[in-house]
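My questions all concern the structure below.
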Amino acid sequence: MLALLLSPYGAYLGLALLVLYYLLPYLKRAHLRDIPAPGLAAFTNFWLLLQTRRGHRFVVVDNAHKKYGKLVRIAPRHTSIADDGAIQAVYGHGNGFLKSDFYDAFVSIHRGLFNTRDRAEHTRKRKTVSHTFSMKSIGQFEQYIHGNIELFVKQWNRMADTQRNPKTGFASLDALNWFNYLAFDIIGDLAFGAPFGMLDKGKDFAEMRKTPDSPPSYVQAVEVLNRRGEVSATLGCYPALKPFAKYLPDSFFRDGIQAVEDLAGIAVARVNERLRPEVMANNTRVDLLARLMEGKDSNGEKLGRAELTAEALTQLIAGSDTTSNTSCAILYWCMRTPGVIEKLHKALDEAIPQDVDVPTHAMVKDIPYLQWVIWETMRIHSTSAMGLPREIPAGNPPVTISGHTFYPGDVVSVPSYTIHRSKEIWGPDAEQFVPERWDPARLTPRQKAAFIPFSTGPRACVGRNVAEMELLVICGTVFRLFEFEMQQEGPMETREGFLRKPLGLQVGMKRRQPGSA
């Protein structure tokens with residue numbers, strides 16, 4: 001055998017084995033052969049991995065649907081279905097589908113609510129925190145959200161007064177940075193009982209510890225989170241690569257794996273601080289970590305330190321850059337669309353007392369135009385732009401979706417970005433920013449059902465109510481107290497990891513007197 005491998009025929013044998021490695025899975029899934037696929041997507045996961053590595057997977061998949069139609073095979077087992085009629089079939093209650101092995105790449109420390117694939121484990125984990133995020137319960141969080149937004153306003157007022165251009169009156173800043181500081185400090189306050197301190201210091205930093213007993217070090221949390229999202233989404237296309245990722249020649253993977261460890265270290269540090277006896281003794285707040293400590297593991301025991309930290313990490317990830325990315329996108333789309341900010345000014349000035357800087361949730365939750373602006377940004381920007389993959393598990397019967405029959409082992413997804421920009425669903429102006437489309441007199445039942453910024457079904461975002469409250473109060477504050485000018489050319493650039501995130505938004509900002517034209 002060794003002689004054969006070392007002979008001239010060895011190369012041909014190796015090539016033949018390589019071809020069989022990719023060809024056999026293709027032949028095995030004969031029922032998927034009639035679904036068109038771009039490039040080598042039908043034969044190897046590396047095609048999708050490469051698109052994800054480049055940071056524009058959502059665009060490539062969208063273009064593939066424009067070329068091939070509603071069904072596109074984007075990996076040997078994975079079919080993307082650009083059909084709003086498939087949303088409930090793929091993500092709805094009672095279908096038995098599971099999160100695919102894509103989510104294995106996101107596991108750090110211990111499986112958490114986001115990346116667990118076991119249905120019973122997910123039910124147990126969700127039960128621990130779901131009541132904390134109910135509309136009835138989120139009122140307890142508002143004072144902490146409010147306090148951080150007040151500090152945000154204080155810092156912007158300071159910059160408006162001390163850094164303004166004397167000719168234009170505007171102070172220059174990257175709005176994305178400040179939305180990141182705000183979002184991280186809010187989730188730090190809600191989850192761990194204290195903000196990170198980014199707003200106060202005006203910079204991205206966080207303490208991390210490799211273990212609870214390790215000495216502290218400091219990292220840029222926003223940068224760490226970005227890199228972690230990119231590498232995890234990329235490795236999710238080929239989860240078997242994860243153990244070897246740091247040995248790959250592309251530094252993207254080495255840096256990304258380090259970011260995974262650093263982000264886990266941030267959660268370790270925050271949990272460690274929160275569990276200190278003197279902090280526990282003096283704590284009177286019901287924060288997310290307190291709720292998690294009330295939870296039980298699979299044996300009915302209190303959560304161990306590893307699982308508790310993993311769940312805290314889930315809350316940190318879910319509640320930070322999702323909010324900041326969306327806030328930044330809202331500012332961008334409002335600035336680039338004539339007339340929107342003026343309508344916001346009018347609506348906000350009428351609803352909020354003039355002597356109030358940061359409104360309460362009650363003051364802004366029933367302002368229709370503000371809500372329309374937020375929803376329209378979520379539609380056109382699609383912070384979660386990719387199709388979230390679901391696997392049909394063994395034992396499930398075949399299921400027909402969008403006219404095609406799928407079998408156990410197949411993976412399906414519905415691409416949010418493509419659905420949210422479909423002209424068939426949203427009309428000829430689907431790629432334009434039109435807040436008025438959310439007027440109940442205009443919005444169709446189909447459009448309402450096709451809007452899935454928080455996903456849908458049993459694995460939908462558990463923190464939706466808190467996220468919407470944050471966005472309403474943040475946007476109600478920012479647009480009422482400040483005026484803006486665009487200071488960058490061209491569209492706002494984005495890059496996709498697990499989320500579609502802006503790369504920056506350079507604007508001019510100055511104080512606005514509420515009630516002024």
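First residue shown is number 1, and so on along the chain.
Quick reminder: no glycine exception, Cβ is built from N, Cα and C everywhere.
The heme binding site feature in Swiss-Prot is assigned to C461. Sequence annotations record features per position, and here Swiss-Prot assigns N-linked glycosylation site to N282, N325 based on sequence analysis. Per Swiss-Prot, transmembrane segment is recorded for 4-24, and the stated evidence type is sequence analysis.
Would you situate these features in the structure and describe their surroundings?
Of all Cβ atoms in the shown protein chains, 17 besides its own fall within 10 Å of the Cβ of C461 (heme binding site).
For N282 (N-linked glycosylation site), applying a Cβ distance below 8 Å and a minimum sequence separation of six or more within one chain yields no residues.
Its own atom aside, the Cβ of N325 (N-linked glycosylation site) has 22 Cβ atoms within 10 angstroms in the protein chains shown.
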